[in-house]
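Here's the structure, in structure tokens; my notes come after.
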Amino acid sequence: MTFQTLDDLDDGQRVLVRLDLNSPVEDGTVQDNRRFDRHAETISELVDRGFEVAVLAHQGRPGRDDFVSLAQHADILAEHIDHDVDFVDETYGPQAIHDIAALDGGDVLVLENTRMCDDELPEEDPEIKSQTEFVQTLKDEFDAYINDAYSAAHRSHASLVGFPLVMDAYAGRVMETEYEANTAIAEKEFDGQVTMVVGGTKATDVIDVMTHLDEKVDDFLLGGIAGELFLRAAGYPVGYDIDDANLYDEQWEQNSEKIESMLEDHRDQITLAVDLAYEDENGDRAEQAVDDIEEKSVSYLDVGSETVMEYSPIIRDSEAVFVKGALGMFEDERFSVGTAGVLEAIADTDCFSVVGGGDTSRAIEMYGMEEDEFGHVSIAGGAYIRALTGAELVGVEALQR
Ligand SMILES: Nc1ncnc2c1ncn2[C@@H]1O[C@H](COP(=O)(O)OP(=O)(O)O)[C@@H](O)[C@H]1O
Ligand SMILES: O=C(OP(=O)(O)O)[C@H](O)COP(=O)(O)O
């Protein structure tokens, strides 16, 4: 490993720490998850070593329901480290600078959602990000920058790639352990069948990676939004937005050519759902075979039971299974059949397995499974599957300069 870690940093300094606390939000309430657990270890170490700590993190995407303030995150983090955590509703404005200046050894201050600053997005070269007002203002307030956000390290955003270019930069404990684990996994060779379960809402991330993993993965089992987009490309009338949702059409525009060429060149490696589940007029789960769907008139919120029966034996025959994204909206028990079914099939075999993603990995405890039934549970989703391709992550590269 070529980056500096907390072992290379002298105690008691002023540090700016980038975490990934991006969490599910239900009706405006931030849901606790293992990202807090893991990052708490880094923050507790910094507190114990007398550092003055300011935390940068993002939450959601502008325009989405999960794009909220980090005020609740500060409270949840405080519970996890059993220590006070302050919050300021600015990222680098005058009040933030004032509160940073007032930090004492062992204090922790969470700054407002980085994505509320114009400079954070979009993705641009690290050199450009390093010259933004956001980075230039905060850099002089600290002795060092620590990036602990492995799970966001595939994004070329200011808080991830800008600071390491203009400050003394270190990897936090989560960055270190996730980098080691995921790099080792990417280098692993498997004699038997390698299967990847692909779902979730971030279809653009997974489809891009699938096109680079066609030699490593023998079988892709599809579900979630990505699965419906593949069904659309295969000629089924699903994978369209209904009402005013924006989950499908935009991602279809971005990916339709890649999906069509994946289906043309690798059809034998791709297994699509044979049935889908939706909420009927009584509020109950109902299922429909994809062959019987004439027009999309309901939101499909899970793969159906037949699909789980088809996916389970493929998992049983696999030497390695990688999961990225849920097969349905598992947070609602009615639509957990696909995700819980596939995770149980993995837990029941002795294959090597990795389950990734801040959202998807929550299904493990929600449905009565244990983390140690899986080879590795990563708090990273998009970053871990990108690492599987052997590609470096921009946020990691920035630390290695
Ligand atoms: N058909 C679907 N419709 C709406 N949401 C879905 C559907 N399938 C999966 N999801 C949602 O996908 C989320 C996980 O996807 P994603 O954010 O891409 O993965 P992760 O954060 O685990 O990397 C879950 O919270 C689940 O509710
Ligand atoms: O949750 C994240 O990624 P993931 O859902 O792939 O695990 C990261 O915080 C990145 O967030 P983004 O996909 O909105 O850039």
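Quick reminder: no glycine exception, Cβ is built from N, Cα and C everywhere.
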Co-listed substrate-binding residue [TrEMBL; alongside ASP20, LEU21, ASN22, ARG35, HIS58, GLN59, GLY60, ARG61, ARG155] among ARG115, ARG173, ARG232: ARG115
Same-site ATP binder from GLU331, GLU392, GLU397, given that TrEMBL records GLY357, GLY358, ASP359, THR360: GLU331
Neighbourhood of ligand 2 - binding-site residues from GLY357, GLY358, THR360 with Cβ under 6 Å: GLY357, GLY358
Cβ-centroid neighbours of ATP site GLU331, GLY357, GLY358, ASP359, THR360, 8 Å, sequence order: PRO24, ASN33, GLY200, GLY325, ALA326, SER361, ARG362, ALA363, GLY381
Candidates near ligand 1 among the binding-site residues ASP20, ASN22, HIS58, GLY358, ASP359, THR360, judged by a Cβ under 6 angstroms: GLY358, ASP359, THR360
Candidates HIS58, GLY60, ARG115, THR360 (binding-site residues) with Cα within 10 Å of ARG35 ((2R)-3-phosphoglycerate binding site): none
